[in-house]
Amino acid sequence: MNYEKYGRSTASAQYFLQLAGYLGIPVIAWNADNSGLERRASQSSLQLQLAPSLEHQTAAMLSILERYKWHQFSVVTTQIAGHDDFIQAVRERSTDMQDRFKFTILNAVVFTKATDLMELVNSESRVMLLYCTREEAIHILNHARDLKITGENYVWVAAQSVIATGTPPTQFPVGMLGVHFDTSSASLVTEINTAIKVYAYGVEEFVNDPRNANLSLNTKLSCEGSGLGDSRWETGDRFYKYLRNVSVEGEMGRPNVEFTADGVLKAAELKIMNLRPGNNKQMLAWEEIGVWKSWEKEGLDIKDIVWPGNSHTPPQGVPEKFHLRITFLEEPPYVQLAPPDPITVKCNMNRGVLCRVGREQDMAEMDQFSAHRNSSFYQCCSGFCIDLLEKFAEELGFTYELVRVEDGKWGTLENGRWNGLIAELINRKTDMVMTSLMINSEREGVVDFTVPFMETGIAIAVAKRTGIISPTAFLEPFDTASWMLVGVVAIQAATFTIFLFEWLSPAGFDMKVTPAANHRFSLFRTYWLVWAVLFQAAVHVDSPRGFTSKFMTNMWAMFAVVFLAIYTANLAAFMITREEFHEFTGVDDSRLSKPYSHKPMFKFGTTPFSHTDSTIKRYFLEMHAYMRNYNRTSVQEGIAAVNSGELDAFIYDGTVLDYLVAQDEDCRLLTVGSWYAKTGYGLAFSRNSKYVQMFNKRLLDFRENGDLERLRRYWMTGTCKPGKQEHKTSDPLALEQFLSAFLLLMSGVLLAAILLFFEHIYFKYIRVKCAKTDQGGCCALLSLVSQSMGKSLTFRGAVYEAQDILRHHRCKDPICDTNLWKTRHELDLTRLRVLQLERLLEAHGIKPPQKHINAPHAGMLMSRDMTRNHVFNNEFGARFYRPDEREVQEMETVL
């Protein structure tokens, strides 16, 4: 078969190949008319293909693209037989070459109607691989010329089926390239000779193999079967393997004819053709400009080429330069402003590109040079988005002008009209918006967005508060339940059990008998003991006498040791320098979404006319109304307010807050809670902009090759360093760290003053009545103050004695009466001491001089001890009261 006319009239050839495959008959083929048949046929047939295959053609085409550094291209085919195999072969070959040259297939168009080519118009592809018949190529290139995609910047590379033979059509553009091999009758005769050699070598190998001694190469086929013949020649499969493994010596300078496992030639040669003007200016001609040899490493050899548009230089293979007007709004780290160099009026490498920040009408009367020198009109833009824009400009090949939006707003609906960046796109004043513009449903309804280049959401920034400043910090080691358990249960239980065991113990107070005179114990003395043991206070306490109560006291002491150890350890941890902050769960935290429900109310805000502001207004009306009083005009002002304590929290875009938190020199800021209303930043275009798909594909490439991640890590890295925090932990403690201890001491002073007031009330009004009415000493048993209140109620006679003196010798004021009684009592004690000394003298044989003891106050000397009722006689026969030292102290206390 050697049809010179290419088309869909090759069904007979395909039928023949498939029929041979079903019958098991090997075929040595020369399918020059439509190489697309070979792949499908070979899947079910035993075929050896002597013509160059689709794989050879795609490899030669991609070698041309590699030579001229055309990384990206599109594939255009019709529904010609084998078009799917052609596209698959291109993809496989591109993948195999990724190690040395990276290809990108931008489009794969199967042409059925003229509108299918619009995909190429909207693409950035400038190199097209064409696989179709000659007649279909005329139709396709006619429409391509009308769409202006056959000019000097566009290269069409055609397959063998497009070039065919004969004079090229005038519809083909000058400068086309193609791959071709000889399909003339002479070449067919040459390949018949090669086929006979392959067959002969195959028969020789088959016959010489001893394993085939009982096999014959004679075919005996019959559809009837039953002895007349087989429906499939089984020996054909075995014979095909011998044919496939032969090696026929090639022509001089060419490798041997050998086949792959699929029956395809290992070595093939293709001509590289170039469409040029002929001798007749109106005629075109295919001219061989080179050759591609699959067996050589550098298999492509090309001479001078006439390029599209009769140019002598190859096209760039990328879109031609175009200009874009790009609008932005600054927001670190995505876009940040800095003044240009005052001398050169240019931006340094690390300061980005020159951008206009002034309004156009203000610059109307100024010349360009003066405007550039004025920082209020032009500044340097840098940041994440600017670096990303530079990569776009380099890859897509365009120039741009950066202009700041005049009203300084992001773009929200205000009184039914859009403002800011979105209004610029709607009114067609700009081609693209490049900044940290968040994608939401409202904006997507009026403009087109690319795929997101960065994910974000609404976050909350708060400031750390160093140290413990709570007035109740000393109570924080235990929770409320634990303190109630210790104060209400443990202390009370220990006090009453110790007191009860002492009261019931025979060795203790013993409620059934009169206690020992020197045993001082009461319920409030027990409280004093329990509190002193609990806090290990170095104060005088009265210990119980009973064994049981002593054991209970030791149990309480063990409890106190454990309690104090836990309390001290936790208090040390709580009093260590640490950082506290408001832990909000997110924007929907009830303390924020319902601000009036929490007392005191938190102060928080955002920036008006932003995505955050509009989102909160839509979903949290009460919160939005409350925030108006705390909103800030810029993010920097909001962060500064949080740092200074004017605001408790600032709500804004998550990635922006993360960056500003990382830039904080004192490392006092942090973001809390989960992001709300997650979305992303995207490039915005006017509706139905032709640039959307172009930028979309580049963004996906940047994401895949890691360029976006590298930019993110570069720009989102902050200056907040761990070393500073380590230094802060060793700073001296400030007053706030132990303010609670001072507050506790002040509270104790105030409480002591109140107790002093009640003590005065007791001594002045209550003590006398208690002494007269309490006959059994129960008040003394429960007395709180042992030395003053308790003993004053126990020694009732001392009280009555003081009252008698006040009754008979009343001064004008109680203090005078008290001093008088005290002086007389001291006189009586002195007389008693004189008597004691006289007795000592007599005991040593010395007789003291005879003196009358004037006892004008004998009544005082006859005073009784109200607790013991004991008296003594002196040598004069008088009955005197001899108080011991402890009772004297108690009497003085009463006074």
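Every residue, even glycine, has its Cβ placed from backbone N, Cα and C.
Since this is a predicted model, take the numbers as computed values, not measurements.
Copied from TrEMBL, the annotated features are:
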{"type": "BINDING", "residues": "Arg443, Thr612, Asp653", "note": "L-glutamate binding site"}
{"type": "DISULFID", "residues": "Cys667-Cys720", "note": "disulfide bond"}
{"type": "DOMAIN", "residues": "366-718", "note": "domain 'Ionotropic glutamate receptor C-terminal'"}
{"type": "DOMAIN", "residues": "369-427", "note": "domain 'Ionotropic glutamate receptor L-glutamate and glycine-binding'"}
{"type": "SITE", "residues": "Lys617", "note": "site 'Interaction with the cone snail toxin Con-ikot-ikot'"}
{"type": "TRANSMEM", "residues": "481-501", "note": "transmembrane segment"}
{"type": "TRANSMEM", "residues": "522-541", "note": "transmembrane segment"}
{"type": "TRANSMEM", "residues": "553-576", "note": "transmembrane segment"}
{"type": "TRANSMEM", "residues": "738-758", "note": "transmembrane segment"}
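Helix, strand and coil residue tallies for the domain 'Ionotropic glutamate receptor L-glutamate and glycine-binding' (369-427), in that order: 25 helix, 16 strand, 18 coil [DSSP]. Ranking the recorded positions Arg443, Lys617 by the number of CB atoms within 10 A of their own CB puts Arg443 at the top. Packing around Cys667 (disulfide bond) is summarised by its Cβ count: 18 other Cβ atoms lie within 10 angstroms of its Cβ, all protein chains included.
The maximum pairwise C-alpha distance among Arg443, Thr612, Asp653, the residues recorded as binding L-glutamate, is 17 Å. Nearest neighbour of Cys667 (disulfide bond) by Cα distance, taken over the recorded positions Arg443, Thr612, Lys617, Asp653: Asp653.
With a 10 A radius on its CB, Asp653 (L-glutamate binding site) counts 26 other CB atoms from all the protein chains. Within 8 Å of the centroid of the Cβ atoms of Arg443, Thr612, Asp653, where the record puts L-glutamate, the same chain has further Cβ atoms from Trp410, Leu437, Met438, Asn440, Thr456, Ile458, Ser610, His611, Ser614, Thr615, Thr679. Here Thr612 (L-glutamate binding site) comes close to Ile458, Thr606, Ile651, Tyr652, Asp653: these same-chain residues lie at least six apart in sequence, with C-beta atoms under 8 angstroms from its C-beta. Mean predicted confidence for the domain 'Ionotropic glutamate receptor L-glutamate and glycine-binding' (369-427): the pLDDT average there is 88. Taking the C-alpha positions, the distance from Lys617 (site 'Interaction with the cone snail toxin Con-ikot-ikot') to Arg443 (L-glutamate binding site) comes to 16 Å.
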